[in-house]
Amino acid sequence: MYWGYSNKSALFSSSEASHKLEEDVTAEKKPISVIVRMIPQKHDNKSRLPMFCRPEESGIYLDSNKQDYSSFDRIFGTNSTNEDIYQYFNNDLNFIQNILDAYDTSIITYGQALTGKSSTLLRNQTAQNEDANIGLLPRLSNELFEKLEKERTEKNTKYVVKLNVFEVSMEKIYDMLAMDEKKKSLKLHHENNKLEYTLKGLTNEVISSTDDIISQMRDVSKRRQVDSKKQTRSTTHLFVKLNVEQRNVVDETLKIGNLLLVDLCGSNLLDKEKDKKIASSDEIKKINSEIKAVNHVIKMLHEHQTKHPNDNTAHSVPYRDSSLTKLLINSIAGNSITAFLTCCSTDKIDEMDSINSLKTSSTIKKIHTQVYPNIVGLHQKKKMCLLYENMKTKEENYLKRIKQLEEERNTFRETYDNPAEGQSNKTTSQKLQKSEAENKALIEQLELLKSLLNKPSDGSKMNQKALMGNTIDITNSLIEKSSKVAELQASIEEMNHTNYILKEKLKRMGGIDSNLEQMNNKLVAQIKEHEKLIHDLLTANAAMESELDHFKEINKVRNDKVKILEDRVSKVNINGASYDNTASMTPRQGSISSSSGHTIVPIEEEKEIAPSSWGLKNTTWGTRQASVGSIGITTSEETFVPRPLKKGLKLNSVRVVSGPATSPHTVHSKM
Ligand SMILES: Nc1ncnc2c1ncn2[C@@H]1O[C@H](COP(=O)(O)OP(=O)(O)OP(=O)(O)O)[C@@H](O)[C@H]1O
């Protein structure tokens with residue numbers, strides 16, 4: 001006997017009965033629901049995890065420094081009971097009705113070890129209240145049988161409920177309902193082109209009430225050898241499946257729904273030292289690899305669905321890494337309405353494990369499955385009828401859509417033909433017309449330009465003008481604008497050029513400026529030099545004037561003396577005394593000898609003074625030339641500097657030549 005959907009052929013004599021409706025007809029994406037259950041502190045004396053919930057956001061907040069986990073479907077606090085959780089699954093998630101509607105459903109418990117996973121699913125061993133002990137399985141089973149009975153009486157259906165229970169332990173799968181003393185592991189079977197795996201030889205226990213289930217599960221507990229007080233963590237994963245078949249003799253259909261409950265072992269890895277009492281190191285390795293495989297598959301499935309939302313093959317997801325993940329395929333990625341029930345510790349010492357559980361649960365929340373009902377026709381005719389009906393509905397939908405589109409098209413046409421109908425339509429139509437006209441004009445313009453390029457003859461231009469009217473004007477205006485643009489560009493270029501020249505000139509002016517400045521500095525220096533010379537000359541002139549005055553006085557005294565002597569000589573001659581004539585020893589008339597050894601001779605204007613035999617001791621005062629109104633002083637190069645005349649002085653100019661005088665002056669006195 002097979003476990004899973006593909007064994008349906010074994011249930012019915014006709015192989016045709018195994019065919020199901022095409023998946024695309026009814027398949028829809030269904031996100032996995034995630035429900036979190038917080039369990040009360042195990043260690044009263046130890047600190048509590050700083051964790052609080054916000055029900056309106058379905059979020060869990062650890063504390064301000066850590067990441068928050070939100071968008072879960074429902075969070076149950078530490079005071080919640082199994083009854084609360086059942087009500088949510090039955091009323092909010094509609095699990096039992098989904099099974100009756102021929103859907104596969106799965107509830108998978110997930111979370112750290114010893115956080116109440118088994119207690120929530122099966123039975124809470126330690127709860128005081130008897131009712132509170134009851135787990136989800138018996139509660140859901142009760143509801144299921146009640147509804148099946150109702151359907152039977154109201155709709156004349158016949159039903160069969162079967163129970164499968166098996167355990168996955170270190171990659172081996174064991175049938176937990178098998179009566180054999182010796183446990184035999186089951187083999188997984190995979191059909192081509194099918195996502196899910198099936199189990200060969202699994203016991204199907206037909207049950208007729210919840211009591212049957214409870215009785216069977218009690219035996220399973222014994223076989224599992226789980227201690228009644230549950231002090232140690234489990235190392236196996238338990239699968240409990242209720243297979244519900246409803247046959248309707250009126251419409252000759254078979255509806256198959258499944259409820260799969262998976263009680264996974266703790267999601268936290270086993271420790272070689274701490275857990276050596278419950279498993280050998282080899283076993284711990286295997287158990288840990290199973291736990292890791294589940295977490296890895298969840299992560300990869302999420303990545304795959306994010307990257308390829310429409311690819312259901314999911315070849316990149318490593319389901320094959322473990323028997324456990326192979327058995328979980330249908331629940332997490334196939335045709336199943338699935339809910340993850342994450343049980344979470346509130347003890348501070350479990351903080352890391354709680355965070356890991358919440359993290360994985362957040363990832364699971366983003367995964368979706370593809371669901372469709374498992375409705376099987378009993379006969380080929382019925383199956384064909386169903387398909388026909390389905391196709392008919394599809395066709396009707398297509399026809400409806402075609403009609404709708406046609407109506408839309410007609411309305412649009414009418415509006416287009418009669419623009420007065422509605423303002424908005426009118427505007428649209430006008431816009432359309434305008435766009436079309438613009439488009440047409442542009443095409444024509446392009447054509448015209450092409451022809452102008454290809455056939456530039458006048459005759460051709462005339463023909464084009466005649467044909468295209470406004471188009472030519474547009475073209476002309478374009479050409480005109482283009483030429484204006486060209487002109488502007490040319491003027492800009494010219495301005496740029498002028499600008500460049502001006503810049504160059506400015507540069508050069510800068511050079512000239514500096515040259516002028518240098519020259520100016522030179523001239524200022526020369527002027528200063530000349531001013532100094534003038535100052536010196538004026539000083540010298542003043543000295544010379546006082547010397548002249550002095551000579552005049554001497555001259556007067558000497559003239560007086562000469563007169564006196566001449567008078568005495570004439571008196572001597574007259575008196576007959578022998579007296580020697582020494583007239584050659586007197587100075588020549590008109591010449592003056594200064595006390596300083598210089599000779600100053602009055603000269604006629606503009607007449608050069610002849611070289612004097614008197615040597616000049618002062619180099620500043622050389623050969624002198626006097627002229628009326630000015631005094632000229634020469635050094636090695638002759639220069640004449642004007643000076644104001646002193647009253648009474650009849651000198652016109654004085655030329656000073658450096659170096660010794662060679663011969664006496666020729667003097668022409670004007671006095
Ligand atoms: N809601 C609860 N309130 C108080 N105690 C609880 C609650 N749920 C479970 N427990 C107790 O916690 C212990 C572990 O419970 P349980 O076996 O259900 O955990 P588990 O998660 O299934 O463990 P495992 O990792 O072995 O699968 C049991 O002693 C159980 O009675």
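Note that Cβ sites are derived from N, Cα and C of the backbone, with glycine treated the same way.
In TrEMBL, the coiled coil annotation falls on 516-547 of the listed ranges 324-355, 516-547. Each of the binding-site residues Gly111, Gly116 was scored by the other Cβ atoms within 10 Å of its Cβ; the lowest score goes to Gly116. Cβ neighbours of Lys117 (ATP binding site) (same chain, under 8 Å, six or more residues apart in sequence): Thr109, Tyr110, Gly111, Asp263, Leu264, Leu341, Cys343. Apart from Gly111, Gln112, Ala113, Leu114, Thr115, Gly116, Lys117, Ser118, the residues listed for ATP, the same chain places the Cβ atoms of Ile39, Thr109, Arg233, Gly266, Cys343, Ser345 within 8 Å of the centroid of those Cβ atoms. As a whole-number mean, the pLDDT of the domain 'Kinesin motor' (31-367) in this prediction is 87. Annotation note: Gly111 (ATP binding site) sits in a strand segment as assigned by DSSP.
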